[in-house]
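To start, the structure under review is shown below, and the notes come after it.
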Amino acid sequence: MGYLPRKSLQVLGSIFAVTTFNFFLFHIIPGDPLRLIARTQKLDAEQVAALRIEYGLDGSLFSQYLTYIGNLLHGDLGYSFALHEQVSTALMRALGHTALLLATSTVIVVLFGIFLGVFAGSRQGSKADSRTIIGALVFWSMPTFWVGMLLVFTFGVWWGVLPISGITTPNAVYETYFSYLMDIARHLVLPTLTLALVDIAFFVLITRTSLVEVMSEDFMLTARGKGLPRRTLVWRHGVRNALLPVMTASALYISGLVGGAIQVEVVYSWPGMGLLMYNSVLARDYAVLEAAFLVSSVVVILANFATDVLYRRLDPRVVVAQ
Amino acid sequence: MNLLEVKNLSVQYGSGQGGVLAVDGVDLSVGVGEFVGLAGESGCGKTTLAMAIPNLLPKYASITTGTIEFEGQDLSNKSESELNEVRWRDISVIFQGALNALNPVATIGNQIAEPILIHEPGTSHDAAITRAKELLEAVGISASRSSSYSHEFSGGMRQRVMIAMALACRPKLVIADEPITALDVMTQAQILELLRSLSETFNLSMLLISHDLSVLAETCDRVQIMYAGKVAEVGTADDVFGEQNSAHPYTQRLLKSYPNIHQERKFIDGIPGYPPDLSKSHAGCRFAERCTVSVEKCFTDEPELAVISELHRSACHLVGGSK
């Protein structure tokens, strides 16, 4: 079997395993979903029993599992009583918002991180090197929500130049589509900046360490012996080799953010996955949580899959090793 | 005029108290078309001396004294960008352990073509690749493999790729640092044969570093023996390795350290002890402590390179004394 079909089967297997685990995880935690409904509305025992049948909660755990898988295959993730809408609808909307935040901040964090990492790594031991590391670590050590609050205070409250909440201005009327996009862009600045400031150290340090290691390899001396200008030496031979671990880190970072930008999304009321999960926890909205967990896991699996495929393109040695 | 004329060169690792003088006032010359061998124990400064020529020394090493004249111009005080002009175009290096000397993520064709593109601006990428393929053929590798990666080659073939790469810009001097050490005996013979025939085709001069004396005896016109950062003996291969000719006790002991397969099996005659600590200063001959024929003078006075014959020099107070 070829590499891609085999790998795709593994991906499907992992998704299936995660789905199963996720289902049972949510069914062994204490609490009855019907009691949640009954808490807000006055229901008698008969009505509860009727609801139990209606939601498929009357059968055995295994038959419930089969129903769950069946619904999942139809794209049905259930209904959220807290949001009063289909879970899939809420989830897709949040996923889209998170994807926007994620894509912007990942591009910034990865690109600037690599650039600063190369800057420091190619000057190993210099003052510029240690200043870059210290600077990156200072921001890395700050709690994300705290950096977020500082930025909110500075840019939103003190200078009042940037919006601090939501994805668009409430009740705004847009004359053109462009002004709508600009409004989103303005709302995007602070959340992105917060993520970038804190997380950039991750990429700076990985790139730097990796580059320092590569720079001492024998083939770097060969490249130097060839009389290559320093910039060519560092980027073509050094960085090209040093980027392999950075790519793995990027995949980890992206998959971590899908469910993990919670702090930023909460601070800026950014209506993405993080905020959705946060509110669902407060509202004990198990249906949404269960689906959000599932989506996060699937994203992690897919990100790893993408890394594997990319790795084979970037490192010719990987193909042989398999 | 010699192609390369190194005079009184000293190279120091580190600085101040902890500094190690790895090469200490060494002369070295390589004539046009000449093969010069550089031999000695590990850590005696062979590689440091060779790498100092195109200044490929690590950051913490520095040339403290001396000149490196290549075609009449002194390389020892040139800037990095000036050296980049000379590197590979005029002086290329076959690196020690070519197993790791090739970039793992670039095709060997591109790696061989790279110096051509750098040093001969105006060459098209296609033309450079074509030349890379010709070079591969010249070292006995099929041109079709130019798009392969280094991990797809055996050790001997990687060494051939390294040689092809070293010849890419038709340099005048090739520094071969232990080019065959990591290879098996059959491959060693093939690579040596290849180096010899290519040097005729390309009219190369070569500085060949090896601790295998038989290789140097076979390949080189002249040989320079180094000990503890100094030249112990230099001369034609026959002067230095000839049965009755070696004039330095160290060379004689080195020669005895190799087993002779025609003789009865016995323990080979090594040299007890180790080379001295180069971070300390020395009085007298550096080999004196391990030398079996040393006299009192050896521990107090440092021997000069004494003329024995036209090309033969030896740094021993007892020149020719202990046969």
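In case you wondered, yes, glycine gets a Cβ from its N, Cα and C as well.
Through the fold, the transmembrane segment (A:12-29) approaches residues 61, 64-65, 68-69, 72, 286, 289-290, 293-294, 297-298, 301 of its own chain, all at least 6 residues removed from its boundaries and within a Cβ separation under 8 Å. TrEMBL lists A:12-29 (among others) with the feature transmembrane segment.
Under the heading domain 'ABC transmembrane type-1', TrEMBL lists A:95-307.
Annotated transmembrane segment per TrEMBL: A:99-121 (among others), in sequence order. If one looks beyond the transmembrane segment (A:99-121) by at least 6 residues along the same chain, the residues whose Cβ comes under 8 Å of a Cβ in the stretch are 128-129, 132-133, 136, 167, 184, 188, 191-192, 195-196, 199-212, 215, 234-235, 238-239, 242-243, 246, 250, 253-254, 257-258, 261, 264-265, 270, 272.
Annotation source TrEMBL lists transmembrane segment at A:133-161 (among others). Packing against the transmembrane segment (A:133-161) from elsewhere in the chain are residues 116, 120, 189-191, 193-195, 197-202, 204-205, 208, 263-264, 266-268: each is 6 or more residues past its ends and has a CB under 8 Å from a CB in it.
Marked as transmembrane segment by TrEMBL: A:184-206 (among others).
Per TrEMBL, transmembrane segment is recorded for A:242-266 (among others). Remote same-chain partners of the transmembrane segment (A:242-266), defined as residues 6 or more beyond its termini with a Cβ less than 8 Å from a stretch Cβ, comprise 98, 101-102, 105-106, 109-110, 113-114, 117-118, 121, 143-145, 148, 191, 194-195, 199, 202-203, 206-207, 210-211, 213-214, 272-275, 277-278, 292-293, 295-296, 299-300, 303-304, 306-307, 310-311, 314-315.
Summarising the annotation, TrEMBL assigns transmembrane segment to A:286-307 (among others).
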